[in-house]
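Structure first, then comments.
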Amino acid sequence: MSARRVTLNTRVSRASTSTPVGGASTSSRVGATSPTSPTRTSRQQEKEELQHLNDRLACYIDRMRNLENENSRLTQELNLAQDTVNRETSNLKAVYEKELAAARKLLDETAKEKAKLEIDIKRLWEENDDLKPRLDKKTKEATVAENNARLYENRYNEVNGKYNQSLADRKKFEDQAKELALENERLRRQLDDLRKQLEAETLARVDLENQNQSLREELAFKDQVHTQELTETRSRRQIEISEIDGRLSRQYEAKLQQSLQELRDQYEGQMRINREEIELLYDNEIQNLKAAANRAAQGSALATEEVRLMRTKIDGLNAKLQNLEDTNAGLNARIRELENLLDTERQRHNQYIASLEAELQRMRDEMAHQLQEYQGLMDIKVSLDLEIAAYDKLLCGEERRLNIESPGRPTTDSGISSNGSHLTASASSRSGRVTPSGRRSATPGISGSSAVKRRRTVIDESEDRTLSEYSVNAAAKGDLEIIEADVEGRFIKLHNKGTEEINLTGWQLTRIAGDEELAFKFSRGSKVLGGASVTIWSVDAGTAHDPPNNLVMKKKWPVANSMRSVLANADKEDVASYDRVRANVSSHTSRHRSSGTPSTGFTLGSGAGSTGVRSLFSLLF
């Protein structure tokens with residue numbers, strides 16, 4: 001509390017001169033030469049008394065005339081001063097009312113703008129909250145698309161590797177097919193040679209079979225001829241035997257039989273040897289031909305089977321290669337489509353992110369601009385409050401000095417609460433000291449006197465003013481928020497902006513004020529309904545305990561210049577906070593005025609709006 005010192009020095013000097021209007025004082029001298037009678041003596045005394053009374057009456061009349069003239073002059077001066085004061089007061093009142101109306105209009109516009117800004121900020125926060133999930137969703141979709149693109153790219157690399165491997169296998173199989181074709185051609189030529197050999201062997205076999213048949217027929221013919229010759233020889237020998245001695249016949253027959261048997265054995269042995277040789281040679285040739293034919297047939301069949309298998313394998317590989325080429329073409333088309341889609345999605349996502357960032361930047365710039373405008377309006381309002389308060393003090397002082405009855409005015413609170421700021425003006429006291437000093441000298445004459453007055457008043461005033469400003473910052477993660485925390489530590493108010501009921505069992509509300517900290521833990525069964533509020537009162541607030549909307553704790557909330565209120569849930573996670581910081585703003589005002597020509601100057605110290613106060617007071621006074 002700063003003191004306001006007012007020093008009023010009044011110096012009044014008046015010089016009066018007495019101008020005799022008529023008559024002179026006569027001294028009655030009573031001669032002692034003649035004897036006086038009592039009647040004469042009484043008459044002389046009465047005459048002297050009448051003369052003295054006449055002199056006094058003349059002085060009184062002169063004094064009354066002077067006083068009436070002075071009174072008339074003072075009345076005119078007073079009327080002129082009253083007219084001047086009334087005119088100045090009317091002008092001051094008009095200017096004050098005009099400035100007050102403008103200030104009220106500006107305050108209303110500021111309140112409307114503040115409400116509009118709060119609505120816009122809330123809408124922007126809601127839009128931001130709505131856009132954040134969409135941004136997260138789009139980011140997740142972009143991440144999934146990138147993962148799919150990488151997956152498809154990996155698949156494409158695998159398919160491309162398989163395709164390259166298939167091309168290598170195809171080239172290898174083509175080389176093998178060429179080698180097999182050459183081998184097949186060689187085997188075909190070998191088969192032709194074997195067929196020719198088989199035909200030659202078949203011809204040789206036929207020739208051998210014909211020779212064998214010829215030899216058999218020849219042998220049969222010789223056997224028949226031999227048998228016929230034997231028969232003829234027997235018949236001749238029989239005839240001869242019949243003619244020879246029986247003994248000789250028997251010897252001869254025995255010898256003949258032996259010779260024939262030897263000859264037969266010889267021929268049969270020779271025939272058997274020849275037959276065995278022929279059969280062995282034939283069998284060998286046949287076996288060789290069969291083996292060669294089997295080898296040729298097996299080689300041809302193997303070559304044919306290999307050619308068929310190779311053709312089948314080549315056809316399968318060609319079909320597989322065609323399928324792989326078709327699959328590769330489809331995958332390439334799909335990859336190009338996905339790449340185009342991914343590029344489009346990336347461009348759209350980047351454009352969306354850019355638009356969101358531009359919108360957020362625009363919103364930040366707009367919020368910063370609106371906050372600057374609001375800060376300017378708050379500064380203007382503070383300066384206007386200071387000007388209005390100083391003007392009200394000065395006007396009250398002038399009204400008291402001029403004994404002007406002013407109509408009752410509603411007192412306005414100097415506290416301001418707007419958009420998280422609270423201003424409180426500390427009451428300022430003003431002490432004044434009026435020191436009138438004057439000098440009046442008058443020389444009364446017999447017939448009267450005239451007086452001239454000069455009055456001069458010097459007033460020095462100074463005023464110190466201190467204002468306290470509270471800046472508020474509130475934040476909430478869920479539906480439950482802290483909407484108000486009393487600066488005097490009487491209560492803290494919570495509000496559920498959602499529609500569902502919130503169970504407060506295990507929740508804790510902590511107040512940190514300077515070095516002091518106090519925690520209030522909600523009891524079991526505490527809750528707050530949707531759209532409702534709950535207030536936690538200090539023990540000295542004088543409020544009854546009425547759950548669930550009014551809760552009274554056993555202690556008092558601490559108070560300091562910097563206060564922080566934090567609401568934590570049952571998991572010890574902070575869900576809401578409310579910060580209030582106090583800042584002091586001081587101002588100094590000085591005023592100097594004289595009674596001749598009012599001249600006033602004001603100087604504001606560190607308070608805001610000193611230029612406006614100076615200009616306003618220069619305009620008013």
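Placement of Cβ uses the backbone N, Cα and C atoms for every residue, glycine included.
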- Pick from Thr435, Thr443: which one does Swiss-Prot list as phosphothreonine? Thr443
- Task: Look through Ser18, Ser441, Ser587, Ser610 and state which residue has the annotation phosphoserine in Swiss-Prot.
- Result: Ser441
- Query: In the region 'Coil 2' (258-403), how many residues does DSSP call helix, how many strand, and how many coil?
  - Reply: 145 helix, 0 strand, 1 coil
